[in-house]
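Annotated features in Swiss-Prot:
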| type | residues | note |
| --- | --- | --- |
| SITE | ASP76 | site 'Important for acyl-CoA specificity' |
| ACT_SITE | CYS107 | active site, acyl-thioester intermediate |
| BINDING | LYS128, ARG214 | substrate binding site |
| SITE | ALA156 | site 'Important for substrate specificity' |
| ACT_SITE | HIS200 | active site, proton acceptor |
| ACT_SITE | GLU202 | active site |
Amino acid sequence: MANKVKIGILNLMHDKLDTQSHFIKVLPNADLTFFYPRMHYQNRPIPPEVNMTSEPLDINRVSEFDGFIITGAPIDQIDFSKITYIEEIRYLLQALDNHKIQQLYFCWGAMAALNYFYGIKKKILAEKIFGVFPHLITEPHPLLSGLSQGFMAPHARYAEMDKKQIMQDERLAINAVDDNSHLFMVSAKDNPERNFIFSHIEYGKDSLRDEYNREINAHPERHYKKPINYSMSNPSFQWQDTQKIFFNNWLKKVKDNKLVLN
């Protein structure tokens, strides 16, 4: 695997095995190492599926990787200060920054990183952004190369970062939004290795259905709206091209950066 780029992934998602499978599929030509936050399991046993497929996060290993991903997490309605492992996340963010590793942050991971690096505030939404939506490219970026206006991508979150704050920060660019102006991608002009993605473009075609079913099974007393522009009975992989193009672009960015550093 010497010729492969090495990617570390901090997997914070609810379905650890599904998430791992998704990233293995979208990054087939990379050497992937999955991690879990140590502080999350300080006072409770580590689930077997986590222990078997992931390693405890070791900040000292960050420099081994050419790229690093922090996934989403089902905690976007919780204040950052209340997250039991937030300090561990911040140590990781600082280490990634120190070593200038290519960074890709998804959903909650993007929220935590934007808050840490730029002080951007998180806002809880009146209702969940949930479904598959067309998108507008507002500022071109290499990671969006090959995507056309109207490209499709899935969203599933209860919070949004403060767009006004982002727009007022000259270090940041909003590169794409959905048709309701919800964030898809924010990039850092001051540190081009940082990229923040608010869509779950790693999802497979059944993932939105699985997420909906998981929520209603966990809380049958609550009302959950079904995903928009998405058939629960016959899901369509409308974002497959988006997924392939985006991750190919990011892998190219990681490889190019590795060549420069070497």
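Positions of Cβ are set from backbone N, Cα and C atoms, glycine also.
With respect to LYS128 (substrate binding site), the closest of these recorded positions in Cα terms is ALA156, chosen from ASP76, CYS107, ALA156, HIS200. Using a 10 Å Cβ-Cβ cutoff, the residue listed as 'active site' registers 28 neighbours.
Cα to Cα, ARG214 (substrate binding site) and HIS200 (active site, proton acceptor) are separated by 16 Å.
Of all the active-site residues given, namely CYS107, HIS200, GLU202, those whose Cα is no farther than the 10 Å limit from the Cα of ASP76 (site 'Important for acyl-CoA specificity') are CYS107. In the three-state DSSP classification, ARG214 (substrate binding site) falls within a helix. The number of other CB atoms found within 10 A of the CB of LYS128 (substrate binding site), across every protein chain shown, is 19.
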